């Protein structure tokens, strides 16, 4: 009986431990994912707004360049490279969530035409796999295979990202046609300045929420500050909380205005977007073009031969 009770108690403890561990894992994963660019998947059905703006710009406020390179034209059911470049100064360090400095991560979203999608691994050549490295791409939504996201990944290693893309075949996909299509890309380097809920991260500037005198500055044990602003005319006090990371620009006794920066702007990253065009080429059209070029070349050759033959006949008549 005691053995059965002991076994039952042990079983309950193991079950409880597993449940707690699973809960911690889920919470940790959620907090981590919400801090990175792909959180847009959770809040937006489509990453590109009707205005053409990519939603990543809502959280990454600084404007930075991004480049995309794709072939001018591709044939149906072929794998090609879409190369996205996210340039930045590799010597830069960003403010991390804990207030310390670290390297920049990068991320990208690639919006392909309907029908285009990530190439399956068995269709990717060894040379292309070497360019891709250890990157793991995912669809923006299960039903939106033409929109791909990647990141965050180390910027020093992946400031150039190669997407392996499979072109559609109009013979099997009736809604796809041989046309010129646009491709849109968004790329960021570094952390954002605003979280999905609208709150600020520690990677941005903090402004005064009231005008008055800085009456007290308390440096918090884990980093950051509590700044007390006293409005002498109204006799009220406002406390602004500064997280670890940004550098303080004001001192006690200083008179400040409403919305005046209390800190520096630590952000060294930013987001950019661009576009390109690609033609889904009809193989029959290519064959027709090659046939036409071959016929033109043959016609030129026959014309030259005919001209030489005519010159020989003329020369023979003159000698006669």
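Glycine is treated like the rest: Cβ placed from N, Cα and C.
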Transmembrane segment according to Swiss-Prot, located in which of 266-285, 286-305: 286-305
Beyond the flanks of the transmembrane segment (286-305) by at least 6 residues, Cβ under 8 Å: 75
Of 56, 59, 60 (the binding-site residues), the residue whose Cβ has the fewest other Cβ atoms within 10 Å: 59
Per DSSP, three-state class assigned to residue 59 (heme binding site): coil
